[in-house]
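Below you'll find the structure, written out as structure tokens, and then a few comments.
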Amino acid sequence: MTDNEVASNAAKELEEKLSLKENEAREEDGEEDEEEAGKGGEDNASSADKKKKKKKKSKKKKTPQEQTVPPRVGLSKIFVNKKYPVGEIVDYAEDNLWRTTNEEKRALDRQENNHWNDLRRAAETHRQVRQYAQSAIQPGMSLTQIANLIEDGTRSLVEEDGLNSGIGFPTGLNLNHIAAHYSPNAGDTMTLKDKDVMKVDIGVHVNGHIVDSAFTMSWNPDCDPLLAAVKAATNTGIREAGIDARMSEIGEAIQETMESYEVEMNGKTYPVKSIRNLSGHDIKPYSIHGSKSVPIVKGGEDVKMEEGETFAIETFGSTGRGLVHADLECSHYAKNQDAGHIPLRLPRAKALLNSITQNFGTLPFCRRYLDRVGESKYLMALNNLVSAGIVHDYPPLVDIKGSYSAQFEHTIVLHPTQKEVVSRGDDY
Ligand SMILES: [Co+2]
């Protein structure tokens, strides 16, 4: 089955579920109304029986619950009509402004309503989890504690359910010169320290529709301009993105914003550089990296963004070389989608591959997630799968030691009518 088929089947299923739930809700409302109407004039009747009856009824009826601290209430219990908040909506620029009100484009967009609702459920999970994380994370905590704090929240709020909903990719907790793809493995001893800068990259998916969004937390006031540069650069990318927008032009605009900032540290001035070998990307169902990149420096391809596509717009700024390389122990992996059937002789590797397929499909995973599903002593088998080209490894990407980097990232949808910044919140 292709990814698209998987997605559309899942969407169909959800559509059925949605309309079922809507009918249930309507029926319940109807009963309630009838009861109210039947009471007629005696609306102040204080018969204990009636009160009891009413209470029982409203218990059965789904009333929205409130989120807890830490967040543990599944979003379907808060958004009882199963309609999740729409992200920031932005009209397209001049040439495409006609799309906003075009009836044909609006109809086209409505056909995908279940898809957008899934993505918005993932985004609302992201917002609630990260806002809690922003208030709870503090120096002294281990990266393992921080990862658990985030992932426990995500699993609860998105109501994790096999491959139907859950974590979209391993939580990235990238300190200082580490730009991307660091997540603690079992036994990791790294802790968050005073003066650290940490990029937090969180993925949530519903029916394979992934929200990919990241932010940077800093306990180093010297790095404030670095964070400001990257936040502004990401917003430049979001502004420039649109149907028919060229990647090369988006990259150039991002770099211009990014590199108009500098950082002063210990009496030295550092220019903020766009990390030139990192980029944004399109997102496909169950596939975090599609086939297009969104560069963050000039000189990119002339490929255009197209109607209906979803993109992760992410930018990275650094006080170092502005170039990353692989280093440190690997935690991130994902099944290679293009790998056809490769015969595996090693039974241990075969079994591990089955477990990966069953638990993660083509979604990225990390070693902690393998531990969690009960795998152990799998490192050799995992390395076999990597050498065979069946699984891809994504080692941490770092700039030079002593440098600081920051990242901000949003997931956007290029609707036929308008652009939606799905993961926008009042924090970033
Ligand atoms: Co991304």
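Note that Cβ sites are derived from N, Cα and C of the backbone, with glycine treated the same way.
Because the structure is a prediction, the values reported are computed rather than measured.
Taken straight from TrEMBL:
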type	residues	note
BINDING	HIS181, HIS289	substrate binding site
BINDING	ASP201, ASP212, GLU409	divalent metal cation 1 binding site
BINDING	ASP212, HIS281, GLU314, GLU409	divalent metal cation 2 binding site
COMPBIAS	12-24	compositional bias 'Basic and acidic residues'
COMPBIAS	50-62	compositional bias 'Basic residues'
DOMAIN	119-322	domain 'Peptidase M24'
REGION	1-72	region 'Disordered'
HIS181 (substrate binding site) CB neighbourhood, other CB atoms within 10 A: 24
Among HIS181, HIS281, HIS289, GLU314, which are recorded as binding-site residues, the nearest neighbour of GLU409 (divalent metal cation 1 binding site) by Cα: GLU314
Overall pLDDT of the domain 'Peptidase M24' (119-322), taken as the mean: 98
Rounded inter-Cα distance in Å - GLU314 (divalent metal cation 2 binding site), ASP212 (divalent metal cation 1 binding site): 9
Site with most surrounding Cβ atoms, counting all protein chains shown within 10 Å, from the binding-site residues ASP201, GLU314: GLU314
Any further residue of that chain within 8 Å (Cβ to the Cβ centroid of ASP212, HIS281, GLU314, GLU409) of the recorded divalent metal cation 2 site: ASP201, SER213, ALA214, GLY280, ILE283, PHE311, ALA312, ILE313, HIS410, THR411
Fewest-neighbour residue among binding-site residues, criterion Cβ within 10 Å, set ASP212, GLU409: GLU409
